[in-house]
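To keep things clear, I will list the structure first and then write my remarks on it.
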Amino acid sequence: MLNSPATKYQPFPTVIKTKRHWPTQVLNKPPRWCSTDLRDGNQALANPMDGASKAEYFQCLIEIGFKEIEVAFPAASDTDYSFVRYLIEQNKIPENVTIQVITQARPELINTTMTSLLGVKKAIVHVYNATAPAFREQVFQMSQKEVIELAIAATTQIKEFCLQHPETHWTLEYSPETFCMTELAFSVEICRAVMDVWKPNAQYPLILNLPATVEVNTPNVYADQIEYMIETLQPSEHTCISVHPHNDRGTGVAAAELAQLAGASRVEGCLFGNGERTGNVDLVTLAMNLYTQGIHPNLNFSNMSKVVSMAEKMTALPVHPRHPYAGELVFTAFSGSHQDAIKKGFQWRKEHESELWNVPYLPLDPKDIGCSYEAVIRVNSQSGKSGASWILQQNHGLILPRYLQQDFSHHIQKHTDSHGKEISMAEIWSLFREQYGLKIKPKLSLSNFTFDAESGTIKANLLQDERQISLLGHGKGLISAWINALTQLFDGEITVLHYDEHSLGHSTDSQAVAYVGCQFNQSEVFYGVAIEKDISKAALQAILNSLITVYPQLSYQ
Ligand SMILES: [Zn+2]
């Protein structure tokens, strides 16, 4: 890189404007969306889609709810031409959907393009020519006057064809390509020239599309440009101002949003921002940005993962794991403080029966786009005690008391530190069971017991491997009687420091879980958990399970 980049790169000029209206506007409705996945997106692929893939993609776009779809560049390839014919001849275009095709402003290409549309009920013919100085001078060696004449000739040719085919409802879309790099006065002049020829009305509407073909300025400058065009052109209701932002500076979404504040009412783009170089503006993010402001975008991403899979299959481009709203990791919290806040947020929601979404760290309820809460919290070495206990609560209904959360987090930490990676839900559950004696066949299990409350006597039968053990104990209550009975087994003093229990589920035959922390010989504290149908049995078994590590000290002969 240069030490003084100013010798090579110049800042893009701002728009001289004394009054701006867009900064005080609010986005309160969705734009007219136009998906250009099948044309703009497709032409940027290493392996462009074949007809069958385009047909599948088209169907998916319709299911999402797109009403305007740029389907092809018919004069560019046989595949594209045939695809347009296929849609028309096979009756694949729903009543409420308008297909759009693009062409350069050249007579023979326009002719092929218009022919491809014969018999369609309605269509948008999108014609463009490059208007920016670099293109006029370097690429086409044309004067401003010649560039305008080209646009006029193209519009005239299209209009003549349309008048000869009144069975179709035609809309013209004109793009001064490279609009954002074109002198504003010249953009106004060429758009006016097109409007004068087309004479937009209800039968023949016009779309003036103002592309950031290459994004060269900050979104506020783009918004100024759009506002300037609208103020100067004063378009009637039959002329729609459309934008087509690219993402070269990484601000395509912001540019599209500010352009709408500035008065644009239509946005062209692609799913997940596919397109040349850094891509077209991402329509998924734009739509979901509206949704999270409480505005339905008129596009449906209730099954986001299906849309992701489809797009990935068709484009062979992966959707980034951190892609807004759609990436695999965008609802996932690894860090302990985030997990803790999310967990408390969900709890708060439940307690307050709140409809409004305000869970910390989550801008959107994952359920709204078809995601489960499972992926919200994942556990690695960065996670605190909340993460693992959340997963146990979500998947197994266990509400760990604080002392157990703390103890278990040490075991998780040890595991993630030694394995150096994320611990899966299944691994967390298996570690928990291992640690607190929740085995299918415990080393020492309580087969049955009776407790006589009056005399405080417990009689219990245990099973150690295949061996039957019978115990007798006395105490004021069940637990103290049980501790007394266990002194026959364990060579030391047992003190129950912590005890908690709750039922799992609401039905009468649901199980109960007991959590205990027992001190052995007034030194270390051991924790145990047990799940049983009967809560008393769970309590007694949990105490047995807590002592699992002192089994070698069993004194029973
Ligand atoms: Zn584009």
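Every residue number used here counts from 1 along the chain in the order it is shown.
Just so you know, glycine gets a Cβ as well, placed from its N, Cα and C.
As recorded in TrEMBL, the features of this protein are as follows:
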- Asp40, His244, His246, Asn280: Mg(2+) binding site (BINDING)
- 31-305: domain 'Pyruvate carboxyltransferase' (DOMAIN)
- 439-557: region 'Regulatory domain' (REGION)
DSSP residue counts for the region 'Regulatory domain' (439-557), split into helix, strand and coil: 27 helix, 56 strand, 36 coil
Sparsest-packed among the binding-site residues, when each Cβ's other Cβ atoms within 10 Å are tallied, from His246, Asn280: His246
Other C-beta atoms that fall within 10 angstroms of the C-beta of Asp40 (Mg(2+) binding site): 23
Asp40 (Mg(2+) binding site): secondary structure state under DSSP, collapsed to three categories: helix
All-chain count of other Cβ atoms within 10 Å of His244 (Mg(2+) binding site): 31
Structural state of His244 (Mg(2+) binding site), classified by DSSP into three states: strand
Cβ-based neighbourhood (8 Å from the centroid) of the Mg(2+) site, residues Asp40, His244, His246, Asn280 excluded: Thr36, Pro211, Ala212, Thr213, Pro245, Glu268, Gly269, Cys270, Gly275, Glu276, Gly279, Val281
